[in-house]
Amino acid sequence: RWSPRPARAPAATRPPPAATMSTGLRYKSKLATPEDKQDIDKQYVGFATLPNQVHRKSVKKGFDFTLMVAGESGLGKSTLVHSLFLTDLYKDRKLLSAEERINQTVEILKHTVDIEEKGVKLKLTIVDTPGFGDAVNNSECWKPITDYVDQQFEQYFRDESGLNRKNIQDNRVHCCLYFISPFGHGLRPVDVGFMKALHEKVNIVPLIAKADCLVPSEIRKLKDRIREEIDKFGIHVYQFPECDSDEDEDFKQQDRELKWRIRRTATL
């Protein structure tokens, strides 16, 4: 028996389809289409994905890191930088003679290189201080270095106070590796003066240079002596921060091992 078909409701009164939201892609095709790219962008919509948004923006922009190396000549500063970052920053360097070293004053040299690892970009700046500690009279030879650090703070403050803060370059010194000679009996006056002048401005990491030329007992005595003198003169060196309670257990174990290696009687 034939019966009339019910009339379809007008579009204006028709109920809208149920809204759905998904954090993952349900279907994947072999070739990316504009629709797929839009679906990927939807993963970063909403305040619940704020950590992913910050991570994505930071990785896309890259990071800046400025490392200063200081210490007298011949302690292996260049060799350590090459070993850490697997790059030759001093290929154009000219070796000075003994007479030229005597007349040389403290300089500030910057070497910049772009490093990329697993998609993360790093703009590494190495600040070298040739001529430091090489003169006969080293009184206040750290003054050009402290002036340079202060200038970077002032420049960054001016950039932050300006109107265009989008493309600010952070040239502040984030860490300083200070090389201590292994042939002395502790810290020299120039070592104490340098670290006291910069310890409130830069994270200082003291290193016993060429420690492999000493036997374990000599290393133990020298390191204990340096620790005592650092505490005696009130020098603040870099300390590993405490881990948050929500960190991974592997990261906590690595942090404990690093702190233990600093406290134990071994090379810095």
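The backbone N, Cα and C atoms fix where each Cβ goes, and this holds for glycine too.
Because TrEMBL annotations are produced automatically, they should be read as predictions rather than curated entries.
Keep in mind the model is a prediction, meaning the values are calculated, not measured.
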Given the ranges 1-32, 97-128, 129-160, 161-192, which one is assigned the annotation region 'Disordered' in TrEMBL? 1-32
Within 10 Å of the Cβ of Phe183 (site 'Important for dimerization'), how many other Cβ atoms are there? 11
